[in-house]
Amino acid sequence: MERLETVDDIVELYCVASSPGKSRLYVGLGSLFLVFAVIGVWVPGWPTVSWAVPAAFLFSMSSEGMFRLTLTNRYFGSAMFDYYATGKTIPQHAKYATVGLIALMASISSYFVWLVSTKGDGVLADPSSWNGADPGFGAGTVILVGLIGMWYVGFRVPTRE
């Protein structure tokens with residue numbers, strides 16, 4: 001695919017807000033996610049960014065004007081423009097960093113899940129003393145999901161040349 005050069009070219013190819021029904025759906029879901037993000041400001045442990053990012057995505061897809069605003073935003077517009085202009089690709093270094101962060105966070109998360117739910121109050125060197133309620137499925141699930149994410153980013157997301 002050749003690189004798209006203008007915002008108009010990108011909007012013409014990728015803007016999906018072609019029907020009022022889709023627009024309302026995207027605005028409705030974006031509003032719901034935004035409410036969840038605002039709740040995260042006050043409720044400890046409730047994520048904020050994890051809800052705000054999809055909300056921004058849904059709002060940008062809700063109308064051509066919002067999509068244009070996303071592509072021309074002074075803070076992150078150039079990255080979004082490059083992503084769409086090159087056919088929804090990411091640079092190789094970003095791919096490495098993303099896969100590395102997924103591996104790191106999945107490892108840390110699975111360790112803490114194992115520590116709390118499998119090991120419990122037991123002694124590390126004596127597995128028979130582990131008194132947690134989970135035989136290891138929680139930590140294994142976190143590792144499996146992390147591996148799927150690493151595979152997806154590594155092999156399914158196109159790399160920018």
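Glycine residues also receive a Cβ, built from the backbone N, Cα and C atoms like all the rest.
Taken from TrEMBL, the feature transmembrane segment applies to 25-45 (among others).
Below 8 angstroms of C-beta separation, residues 7, 10-11, 14-17, 22-23, 26-27, 29-31, 33-34, 36-37, 40, 77, 80-81, 84 of the same chain, each at least six residues beyond the ends of the transmembrane segment (51-71), sit close to that stretch. Look at TrEMBL and you will find 51-71 (among others) tagged as transmembrane segment.
The annotation transmembrane segment is assigned in TrEMBL to 96-116 (among others).
The transmembrane segment annotation in TrEMBL covers 136-155 (among others). Counting residues 6+ beyond its ends, the transmembrane segment (136-155) has Cβ neighbours under 8 Å at 95, 98-99, 102-103, 105-107, 109-111, 113-114, 117-118 in the same chain.
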